[in-house]
């Protein structure tokens, strides 16, 4: 557990998973599926951050860049919440389409929905960043083989500031999921016509792929969050939050944690959670990275890459086969040039 080879494998897999999670981003960019694009953003950011941490701190506690570690800790504590909020954006849009509220939407309505999506998918995770300092007792944890993380003061305020936000967003997602199913049951015979009448660009198959993706992401993140809450309560329980000054005493200290000093049960929990964090990227790729539309995009990119490489090779070949006139002049050589004149008769 947490061996050098495992860390390298996990780090490389995180980087690959982060990349494949964005494989269909062009399709959703054209369709303006902001919720899915935000999912890809958070998934890519979180997994690349995990991969870099696993590789940089592999059997090491050397901290080369403290500010970068601060940024890494912020990403680590917000990216999964960002996934939950992005799933909520997707379900909000699907419920609006199914309820036919978007049938006569104006330009202002579309702009307002765009602002709401960015406010939920980016604003809520960003809002939690300054609030987290209330329950952050010191600056950083640097854990061998894992990397940078922000410490959490396990207390009643921590439940409301950190844990319950995720559970609350998951609950709202569940409500929207029930509403989507309700509208589908009411209009299942005219559902395809309802989708086309709103110019949503969604077929019934794509609509339910989006629905399944949002539910899957919400369930995966919520399951991980429940596991974290249960583990934190079992290990240390809730500490009394007496005052700001006492909780934040010597705030600038950085705690370096060798992996040998961590209990086996805690190591097992950390190992389960970090491998489980790869599942959102797998869900994104399975639902939208293997479709016919995505495959056509891959083929177009591959052809463009081949054409680019062949054009560069042709330019280099043309340059090698061109006449060196300076060499002819230096040797006093003579050569003739045949110029063909074409006559055009109108």
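Every residue, even glycine, has its Cβ placed from backbone N, Cα and C.
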Examine the ranges 186-206, 249-269, 270-290 and name the one recorded by Swiss-Prot as transmembrane segment. 270-290
In Swiss-Prot, which of 8-28, 302-322 is tagged transmembrane segment? 8-28
For Swiss-Prot, the entry transmembrane segment belongs, out of 139-159, 160-180, to 160-180
The transmembrane segment (71-94) and the transmembrane segment (8-28): do they have three or more Cβ pairs under 8 Å, with pairs 6 or more apart in sequence? no
Stretch in 71-94, 115-135, 270-290 most in contact with the transmembrane segment (160-180), if contact is a CB pair under 8 A: 71-94
Intrachain neighbours beyond the transmembrane segment (71-94), with Cβ under 8 angstroms and 6 or more residues off its ends: 33-36, 38-39, 41-43, 45-46, 49-50, 52-53, 113, 116-117, 120-122, 124-126, 128-129, 132, 140-141, 147-150, 162, 165-166, 169-170, 172-173, 176-177, 180, 207, 210-211, 213-215, 217-218, 221-222, 224-225, 277, 280
